[in-house]
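> Before I ask anything, here is the structure I am working with.
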């Protein structure tokens with residue numbers, strides 16, 4: 001009995017590595033600390049009522065943001081572990097297996113559990129405010145999406161201490177990711193972690209399409225929408241076309257692993273190359289899913305901090321939409337070297353380069369928004385200005401990679417690594433950080449400290465170039481990605497050392513940001529006006545943080561930058577308060593605990609599938625079904641905020657008399 | 001922007017016009033469902049493509065021609081097509097506010113759907129007995145996954161439809177239940193369309 | 001003023017870093033910039049061309065960015081024009097949509113030319129090409145010389161100045177075969193026999209590596225490429241043949257087990273080894289799809305047409321995939337056309 005428990009535990013828990021034990025201890029201590037705080041301050045009820053059951057898009061957005069920052073930490077630690085291992089030739093800091101796990105989880109977490117939730121966080125925090133809506137189209141579904149993401153991410157992350165992490169790369173190509181190549185449970189964690197959160201992402205895509213189509217304030221025609229809303233719309237369209245492919249692909253891989261199927265296996269007639277095609281048919285659009293909203297953020301910030309209208313609005317919208325269409329015709333450029341034939345390669349090479357055209361046009365439009373403007377170098381603008389050179393160079397190396405015959409030399413080399421980190425960090429991370437700095441005061445009611453922010457900014461930026469410029473050179477020196485070690489013979493040592501130094505600089509930059517947030521919670525400059533940046537769009541017309549119902553009176557938005565135009569018309573005098581008599585009771589959705597329980601059931605089912613414990617998987621799936629039915633039988637799902645409450649809130653905020 | 005005062009807190013969100021920006025909530029939900037169907041379409045599209053790529057990869061195992069039994073899948077087709085028709089009749093009854101008739105047609109639809117699922121399970125069981133399992137060859141994996149996914153959709157639809165019948169019984173035809181019935185009948189027709197593709201690509205082209 | 005000098009400082013820092021990186025790299029070998037054969041040469045030229053074309057856009061953009069940020073800063077006494085409502089210009093739009101179109105047009109034309117150029121069989125010369133079959137294993141490389149009937153592990157000898165027809169497959173998870181100084185990489189995939197031709201113009205030793213992650217000891221999948229004169233190569237073949245160390249089927253089974261390997265040399269190997277590995281991993285499906293003859297003799301013309309078929313079939317399957325992001329009915333039409341293609345073959 002004891003022996004069988006012992007053998008179970010030794011395969012169930014990851015053992016044998018001091019790093020893992022360290023993680024075990026810190027996870028344990030953190031959990032105990034959280035539980036202690038919750039019990040000691042009797043915060044359980046508060047946690048449940050205010051957060052776990054909330055359907056408020058602002059709170060959901062904040063939870064996405066916090067979760068994504070945690071994941072940025074986890075993925076960042078992975079990155080630093082890798083860079084430490086590669087700092088010098090023949091380092092024995094990590095074993096091959098451990099290194100393979102680390103780069104797999106780094107990639108997966110950064111794209112799916114960092115970039116995606118940070119993006120959804122911004123969607124949630126900003127879009128309804130920007131279009132003058134009181135919530136998203138389906139607030140309940142929105143909560144479902146968040147909790148699915150959350151439990152999917154948890155499922156993926158516990159593989160670090162239970163069962164073992166996936167180690168076949170962030171897209172886990174078969175046959176390496178099949179049972180023949182990866183017999184452990186790590187790949188199952190990969191599949192179910194992504195699958196569960198992926199369903200949530202798909203739902204978010206649907207939610208925001210309908211929100212943007214149906215919930216806009218009166219007068220706001222499509223061509224009067226703010227650029228960020230446009231970018232969310234185009235990104236959501238890509239989501240609904242790309243994510244079903246991911247769902248199917250992962251399901252098929254799981255069927256191979258769990259039921260002994262032969263879709264992607266080497267034997268039985270399977271075709272591993274089909275997986276590579278399918279996963280990139282999702283994977284390539286996915287990059288545009290995360291980068292388009294960043295473009296939208298830059299458009300808002302550039303206009304605000306140049307005190308000027310966005311230049312070439314129509315051309316910007318056209319560029320966004322054409323990128324979202326083109327993004328579906330480039331996936332083969334991830335495997336030109338598969339030998340699909342010259343016709344195919346030429347088609348996809350040119351389609352890929354063609355994406356550079358609308359992207360380039362957007363850069364020029366941003367530049368000419370600043371041209372003849374008045375540029376204020378506040379934190380959001382700093383990140384935007386850092387983005388432009390970084391992304392332009394990254395885009396140029398992208399065009400170079402699109403040249404199919406030349407790609408035979410870049411493919412799988414550090415040149416490629418440097419390229420996609422340059423567009424993903426320079427484009428997506430800088431963009432989201434800019435967006436967070438920009439909208440933080442709106443959501444939290446205070447600005448993030450400037451001095452600490454500048455430290456973080458310069459550390460991030462210098463660190464970025466120190467880290468990734470050498471990697472372009474390493475690619476030309478023949479260094480391939482995913483090698484856990486290398487010798488002295490190729491002369492890769494010095495540049496790798498430089499690169500590692502850069503990575504740690506970025507790590508220090510992140511520490512500064514955490515410090516910045518904690519510091520600003522207490523000492524940050526409070527925003528009492530609701531409009532700290534002299535903004536242009538509707539979200540700045542309401543108090544910071546916004547009341548639960550956002551807009552006491554639904555605004556009319558008859559022109560682009562309607563809030564700015566209105567300010568101009570009254571010569572930047574403060575807006576007159578609304579007479580209380582004009583206020584009405586407000587129709588809002590009720591909180592619900594079902595999304596949390598529903599997603600937790602998915603977690604249970606996913607965990608059961610990971611270990612092949614059918615009883616647990618079935619239990620979880622039954623839970624999923626029952627919670628769905630419970631929701632179906634709920635008819636009492638909304639309520640009215642009484643007019644007295646609206647009046648009190650508005651008067652307290654100085655918005656009504 | 002007319003404003004009706006006096007709704008209680010527990011009032012359901014039916015399609016009254018009391019809202020600012022909350023345009024017709026029920027029609028918005030139907031729009032969302034249409035978009036969901038688009039994604040489901042892509043899901044099936046991917047599965048179809050997989051099946052087509054792997055169709056010839058029988059790895060020495062049985063082929064579709066050897067496995068598919070014409071009477072079986074023709075019967076399945078007729079049953080499902082009929083159920084689609086009866087779900088349409090249910091919607092017509094709903095539009096005439098005849099709850100009894102509506103529930104009646106839904107029952108017929110559920111029974112037809114259940115017999116479809118039953119026939120399909122029977123087909124699968126027979127195939128497994130003949131030694132054609134999901135792990136026999138790439139072709140069979142793709143076959144079971146594609147047809148099974150459709151079957152799973154139908155089964156989920158059955159449970160959902162039963163739940164809706166109970167709700168109809170409890171609440172009658174209200175804007176909310178009306179929207180729910182509209183949505184499930186969309187879903188049911190969609191599954192019917194998918195089946196037509198399955199019938200053509202998998203079965204007809206398989207036995208030819 | 002302080003801030004803009006910071007920005008200038010950043011630009012200086014970047015330039016400084018880039019040059020340090022390039023200089024410090026000099027003791028290492030920029031293998032991609034050191035083409036030793038016609039394929040690598042073509043790719044090198046494209047790399048330079050694309051870099052120059054990109055620089056034509058990138059450098060002015062960077063310059064304009066710096067100029068605008070300095071000129072239009074919001075500070076007291078800035079006399080630069082301020083036009084908050086100026087938000088559209090047809091001329092400018094045409095300019096910055098047009099210039100990229102032209103650049104992409106040029107680059108696209110060169111890309112197409114070289115893609116087709118490299119996909120074609122190399123120019124026929126009086127020197128008979130040599131054929132080498134490459135199998136990636138966990139975690140080692142097996143090279144078979146069908147004409148010489150010798151095999152090596154983790155190193156390969158080739159005659160300089162002679163076109164080498166590599167035939168690539170894998171008996172393990174997919175990898176990629178890369179000799180940067182001779183030319184770009186190509187995947188080695190289970191159940192497929194891909195063809196890649198390379199040539200070394202001069203004798204020398206070149207770095208070869210696996211480029212696509214394939215599991216635990218992937219980092220150790222390096223191989224040495226020795227290009228030598230035809231006489232030296234022939235001598236080496238004779239020495240190997242004389243070494244009396246056969247690779248048997250059982251020997252191959254042992255070799256293909258996961259693990260690293262030293263350089264090894266075999267004086268002979270079972271003649272159907274390569275084909276049987278391809279067939280075992282699903283190659284017969286390719287054959288069935290294409291109605292391709294399974295028996296292959298070592299005749300060169302025949303094997304060339306085989307590999308052509310392989311790439312064509314890939315072609316088809318990729319077109320099939322294209323339908324996936326459209327509706328299922330499009331899939332169906334694709335299906336039909338691909339079915340017909342298969343039948344034609």
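Positions of Cβ are set from backbone N, Cα and C atoms, glycine also.
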> Between A:230-255, A:256-281, I'd like to know which one TrEMBL lists as transmembrane segment.
A:230-255
> What range among A:167-188, A:189-210 does TrEMBL record as transmembrane segment?
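Of A:167-188, A:189-210, TrEMBL gives transmembrane segment for A:189-210.
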> If you count Cβ pairs under 8 Å, which stretch among A:189-210, A:348-368, A:416-440, A:597-630 touches the transmembrane segment (A:380-404) the most?
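Answer, by Cβ pair count: A:416-440.
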> Can you work out the mean pLDDT of the predicted model over the domain 'Cytochrome oxidase subunit I profile' (A:40-558)?
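94, rounded to a whole number.
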> Report yes or no: does the transmembrane segment (A:102-127) come within contact of the transmembrane segment (A:189-210), defined as 3 or more CB pairs under 8 Å with a sequence separation of 6 or more?
yes
> Test the contact criterion for the transmembrane segment (A:597-630) and the transmembrane segment (A:189-210): 3 or more CB pairs under 8 Å, pairs 6 or more apart in sequence, then answer yes or no.
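Counting Cβ pairs under 8 Å (6 or more apart in sequence), the transmembrane segment (A:597-630) reaches the transmembrane segment (A:189-210), since there are 3 or more.
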> Please give the sequence-distant neighbours of the transmembrane segment (A:416-440): residues at least 6 beyond its ends with Cβ less than 8 Å from one of its Cβ atoms.
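Contacts with the transmembrane segment (A:416-440): 65, 110-111, 115, 118-119, 122, 125-126, 287, 290-291, 293-295, 297-298, 300-301, 304, 378-381, 383-384, 386-387, 390-391, 393-395, 397-398, 401, 410, 446-448, 453, 460, 464, 467-469, 471-472, 474-475, 481, 513, 533, 539.
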> Do we see three or more Cβ pairs under 8 Å linking the transmembrane segment (A:189-210) and the transmembrane segment (A:20-41), pairs being at least 6 apart in sequence?
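In this chain the transmembrane segment (A:189-210) does not contact the transmembrane segment (A:20-41) - fewer than 3 Cβ pairs sit under 8 Å.
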